[in-house]
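S.K.: Quick paste of what Swiss-Prot says about this protein:
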ACT_SITE  Ser225  active site, acyl-ester intermediate
ACT_SITE  Glu352  active site, charge relay system
ACT_SITE  His494  active site, charge relay system
DISULFID  Cys91-Cys118  disulfide bond
DISULFID  Cys279-Cys290  disulfide bond
DISULFID  Cys427-Cys579  disulfide bond
CARBOHYD  Asn133  N-linked glycosylation site
CARBOHYD  Asn184  N-linked glycosylation site
CARBOHYD  Asn283  N-linked glycosylation site
CARBOHYD  Asn368  N-linked glycosylation site
CARBOHYD  Asn511  N-linked glycosylation site
CARBOHYD  Asn591  N-linked glycosylation site
SIGNAL    1-23  signal peptide
Amino acid sequence: MKILDALLFPVIFIMFFIHLSIAQTDPELTIMTRLGQVQGTRLPVPDRSHVIAFLGIPFAEPPLGKMRFKPPEPKKPWNDVFDARDYPSACYQYVDTSYPGFSGTEMWNPNRMMSEDCLYLNVWVPATPRPHNLTVMVWIYGGGFYSGSSSLDVYDGRYLAHSEKVVVVSMNYRVSAFGFLALNGSAEAPGNVGLLDQRLALQWVQDNIHFFGGNPKQVTIFGESAGAASVGMHLLSPDSRPKFTRAILQSGVPNGPWRTVSFDEARRRAIKLGRLVGCPDGNDTDLIDCLRSKQPQDLIDQEWLVLPFSGLFRFSFVPVIDGVVFPDTPEAMLNSGNFKDTQILLGVNQNEGSYFLIYGAPGFSKDNESLITREDFLQGVKMSVPHANEIGLEAVILQYTDWMDEDNPIKNREAMDDIVGDHNVVCPLQHFAKMYAQYSILQGQTGTASQGNLGWGNSGSASNSGNSQVSVYLYMFDHRASNLVWPEWMGVIHGYEIEFVFGLPLEKRLNYTLEEEKLSRRMMKYWANFARTGNPNINVDGSIDSRRRWPVFTSTEQKHVGLNTDSLKVHKGLKSQFCALWNRFLPRLLNVTENIDDAERQWKAEFHRWSSYMMHWKNQFDHYSKQERCTNL
């Protein structure tokens, strides 16, 4: 037996070596990029076919040591074949332990070990003969700028790449303090380096995606939540605009209450973090040196304590208005038309607020029906709009209360869902869509540039050309997945359209229904059609299904579609009445009442309460008046 083993060993070794050599020389699996060779792997898809995946390709030097908090540096070339057959480490981030073992939260936690050496990207290529000039779709994950990873199962690009014959790319970027800690004037911690990670990955796509059969002139960036806000920020940032073609924004935009902070607030949070981890007060250089000396988990453990108030849908380290990445605030840039002139597709889910309510709103839990008392509702409103004064809070309460049934615990629960979702997602996104669409009309009418007050030359802003390329497509996703593990009252939750965009219902073992598989195929087609042509209705062969046409959103008609298992339906006005409160009335109200002295503010608040009481009294009196009276006394 030993002699036989001795004879067989060289044969086995040679066969293994031949197999390895074939794998390394297979033109499908080994690609030469500008930086060096990468070796990928074949991944199966449900129809007995496969895609080619290149997982964990480095696009930046590891941001370790002195590079912590600094902008990324492009990856240097390598000599050997880089093994790109498995996902990279996740960037350091907060891990949600609120519901241990519960798949609804665990699916968003990193599924790879965490490391600061995390700036890698993934590429999925359809297994077509010699792919060439394919449309490219680059995914940017969400997670409140404090979490997220490109390796999550829900972001698996194989199904979208295979079904729509597009090249799918996703990247890791730094989050939390590692990506967004900012000290004004400091080159060591300028802020926004997480966005610069994304931009460097987009530059890698421009430089290398043609080696994988992709077209660098046909790149659509898409993302969800903070990932969608990031997409919108690249639409605004002048240096990002040339690096992609179109944009899809799912449940997030760059304007709104949680996406950015001022440099003063960013500095306050950086200093507070230093104190929390034991850094002595001193100058910026000393602070950064001390923060760099700390273990990554030390910073993660303290990050939530830097917030100036307790609120829902608020995050510690987010992009900062720096005058470089952002020449001005997102609101100001939108209002002046200073954004990329291109087509956008964007939308929201039906219940954008429910997910965030279980993380601190009084009375809410995933483990019960969350029937909310009036007292819990009023406390929840304060947490939902932490920047508002008493008058502003009364305005929100007045708008969202059913005064004929104000103590109804189900209606209070639904109102809280609407308040959080409308304030943070729906209404900022509606405003973003309207501003984009409005500038398309203005440029068509004037046919002239207004770049004198913008100064961006040929940077691709919507207001520098009379021939605007802008068109807007808006959706409301309102299908609750049949296998969703969250309670029924949470509805169509923030983030749960992603699995349909990435084609997970095509995987039989995941137990979606046939109707959900069809919905997923439709959504992938809409997304890919838009990426190819700027119009979700135009199929890859140029045909259009006239029976189910998705109309352009305009600032006047405001048409949008409902995405669900039914046939496509067109609606008008995305929560227009409620968004008038958030986008127009409340900002003006807070501005007018900002300088009112305490006595007058208290009087006005009491007056609003009295008005509400009188309205309630009148309703009760009217009800009493309509009752039959006893006539026998």
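Any Cβ shown, glycine's included, is placed from N, Cα and C.
Give me the local environment of each listed feature.
M.R.: The Cβ of Ser225 (active site, acyl-ester intermediate) lies under 8 Å from the Cβ of Gly142, Gly143, Gly144, Gln250, Ser251, Gly252, His494, Gly495, each of these being in the same chain and 6 or more residues away along the sequence.
According to its DSSP assignment, Glu352 (active site, charge relay system) is coil.
Secondary structure from DSSP puts His494 (active site, charge relay system) in coil.
Cβ neighbours of Cys118 (disulfide bond) (same chain, under 8 Å, six or more residues apart in sequence): Pro88, Ser89, Ala90, Cys91, Tyr92, Asn172, Arg174. DSSP gives Cys118 (disulfide bond) a coil state; it is part of no helix or strand.
The secondary structure of Cys290 (disulfide bond), as reduced to three states from DSSP, is helical. Of all the Cβ atoms in the protein chains shown, 15 others lie within 10 Å of the Cβ of Cys290 (disulfide bond).
According to its DSSP assignment, Cys427 (disulfide bond) is helical. For Cys427 (disulfide bond), the same-chain residues lying six or more positions away in sequence with a CB closer than 8 A to its CB are Lys575, Phe578, Cys579, Trp582, Asn583.
Other Cβ atoms within 10 Å of the Cβ of Asn133 (N-linked glycosylation site) number 13 in total over all chains.
Its Cβ placed at the centre, Asn184 (N-linked glycosylation site) has 17 other Cβ atoms within 10 Å. According to its DSSP assignment, Asn184 (N-linked glycosylation site) is coil.
In the three-state DSSP scheme, Asn283 (N-linked glycosylation site) is classed as coil.
In this structure, Asn368 (N-linked glycosylation site) belongs to neither helix nor strand by DSSP; it is coil.
Less than 8 angstroms from the CB of Asn511 (N-linked glycosylation site) sit Ser482, Asn483, each of them six or more residues away in the same chain.
Mapped onto three states, the DSSP output places Asn591 (N-linked glycosylation site) in helix.
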S.K.: Helix, strand or coil: which one is Cys579 (disulfide bond) in, per DSSP?
M.R.: helix
S.K.: For Asn511 (N-linked glycosylation site), which DSSP three-state class applies?
M.R.: coil
S.K.: Quick one: Cα separation, Asn133 (N-linked glycosylation site) versus Glu352 (active site, charge relay system), in Å?
M.R.: 37
S.K.: Taking Cα atoms as reference points, rank the recorded positions Asn184, Asn283, Glu352, Asn591 by distance from Asn368 (N-linked glycosylation site) and give the first.
M.R.: Glu352
S.K.: Got a sec? Which of these disulfide-bonded residues, Cys91, Cys279, Cys579, has the most Cβ atoms within 10 Å?
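M.R.: It comes out as Cys91.
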S.K.: Could you check the recorded positions Glu352, Asn368, His494 and say which one's CB has the fewest neighbouring CB atoms inside 10 Å?
M.R.: Asn368
S.K.: Taking just the CA atoms, what is the gap between Asn184 (N-linked glycosylation site) and Asn283 (N-linked glycosylation site) in Å?
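M.R.: Here the two Cα atoms are 12 Å apart.
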